[in-house]
Amino acid sequence: MSASDIIQDTPVADPTTVPQKRAVAETDDSQTQPGEQQQQQAGNDTAQETPKVYEGHRPDRPKQQGPKKPRAKRFKEPPAADPVSNEGVLIQDIKTVLRDHAGLSLDDVVNDLREFFTRPRGTVHPEHREVVVRVQALAGGGDGIGFVEREMKEETGEAPATESKRVQVVVVPYTLPGELVECKIYRTQKYHFEAQLIKVLEASPKRDDSLIKCRYFGTCSGCQYQMLPYSEQLEIKRNVIVNAYKHNSGLDARLVPDILPTVASPKEYYYRTKLTPHFDVPRAGGKALKECPPVGFGERGRKTVVDIEECAIGTPVINQGLKEQRAVVASKFNSYKKGATILLRENLREITPAETGDNTEGAKPIEEKVCCTSTKEIITERVGEFKFQYASSSFFQNNNSILEAVTSYVRDNLTIPATGLAPTHLVDTYCGCGLFGITCAGAAESVIGVEISRDSVTFARTNAQLNGLTNATFIVGNAERIFEDVKTDPASTAIIIDPPRKGCDDAFLEQLLQFRPAKVVYVSCNVHSQARDIGYLLNDPRGAGYEVVSIRGFDFFPQTHHVESVAVLALKA
């Protein structure tokens, strides 16, 4: 039976349908305080010798003319951060550090904003202080979390910290647990201060600054871990996954298997096949700039751009493209009315024998890598023995060196537990241009891919043809309604899930619980939303019978805090 035979003749899911999101508690401010109006009855037309004095109106002050001033709005507490967002993960990390290293809670954090308005004249602004911090742990975002030990002052050099049990929490980039650092606070958040690293006073034994290959490290916001041996980076990323399941899954620890070692990237540097540097062109008084603005990436803790001549994690082809585009900007920056973002994407271009001048009989085309800068170009890329095409402006993984290892791992984990055989049907949700569905097509009799983007589905169908596949069908539809359009036997079906960072919506997870496929392989670029979704499945009574077989990280972005995760779920035989 072909893939097309098991797709029901039902209307294609509306791509514009927005699934219901998880409820977020918000403050109710629907009730308003009505204003009070004073009404006076007009007198008769008889002239008055003296003006009538109204209540609340002084005779020596004329009554205010014009509309009333609007009543000040009540303060509305901002909604709580999504636990799987960057902010939510950081707050959880701060809670853990407070509990484990000081026996405290968020209630013990001192970030009193009244200091902004009540500080004595001449004292240092709270956001301009230089402080000494002992780093306690690493946050999931790669920054160090620590407590203020003392403040640096110009008069005495330093001042001892208060004896109070309450603490000031500071987040400092480019630091490691155990280090004593001097830093400058530049921003106040609800539970912490953000600071810039000035100097490491006591270094961690794991720090090795000789490993740093980028002259912009410590200023550019792109990398966090260049001062660490690669083996340490991989272990840190494994611990990020451990903490994600501990805090976001809601699962009993016995239901979560030991997190497997993180799979290393074959390339630790010069691996990114896509970069998007940018530049700003501010106009002061309408006058053009006298020199070329910085072209590069955002500076950590500032709104300025770091001028980047070479990126240590971009491929050689990408860096050559960066050099060329910097020259273009330098030659005509005065013609830009505002800044712009530059696309640099590696592309595989086929060169015919005629172009190379090879007149040998039977000569075949050769391929070379070039840098694409157009958002309207078609990109060609190889993943192992497979060939893919996609729009240059669309999403595709940016570390080609590890892609074959990831797709092979997913393919090897599709076996149905009850039979020990490959699945009869493979459903690739959030399929994009067909990366997993196509690379895993040999492990199933039929493949069905579903994607909300029509353009991506068009490329997926083209890619199936490019790779000679006849058992793969791709349809336009909403993944949250996929099982309304696709009917397969759950007992012989494997599902691949590769959602965006926000994870899966409840509607999709509900369908998955009702369908109960024999195998689920969940690929995620946000391990925190992955942990939440898997907890949703297993904590539901309908998820009884599922077990988490394995969880493993893949290091798509060495030198940074990012980690991708593959979780394998199976319905017990």
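Numbering starts at 1 and runs along the chain as displayed.
Note that Cβ sites are derived from N, Cα and C of the backbone, with glycine treated the same way.
Listed in TrEMBL:
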| type | residues | note |
| --- | --- | --- |
| REGION | 1-87 | region 'Disordered' |
| COMPBIAS | 31-49 | compositional bias 'Low complexity' |
| COMPBIAS | 52-63 | compositional bias 'Basic and acidic residues' |
| DOMAIN | 118-199 | domain 'TRAM' |
| BINDING | Q397, Y430, E451, D498 | S-adenosyl-L-methionine binding site |
| ACT_SITE | C525 | active site, nucleophile |
| ACT_SITE | C525 | active site |
Residues flanking the S-adenosyl-L-methionine site, with Cβ no more than 8 Å from the Cβ centroid of Q397, Y430, E451, D498 and excluding those residues themselves: F395, D428, T429, C431, G432, L435, F436, P499, V523
Binding-site residues listed as E451, D498, least Cβ neighbours within 10 Å: D498
Other CB atoms, at most 10 A from the CB of Y430 (S-adenosyl-L-methionine binding site): 21
Cβ contacts of the residue listed as 'active site, nucleophile' (under 8 Å, same chain, 6 or more positions away): P500, R501, H562, E564
Cβ neighbours of Q397 (S-adenosyl-L-methionine binding site) where a neighbour is any other Cβ within 10 Å: 18
Structural state of Y430 (S-adenosyl-L-methionine binding site), classified by DSSP into three states: coil
Segment-level pLDDT (mean, integer) for the domain 'TRAM' (118-199): 80
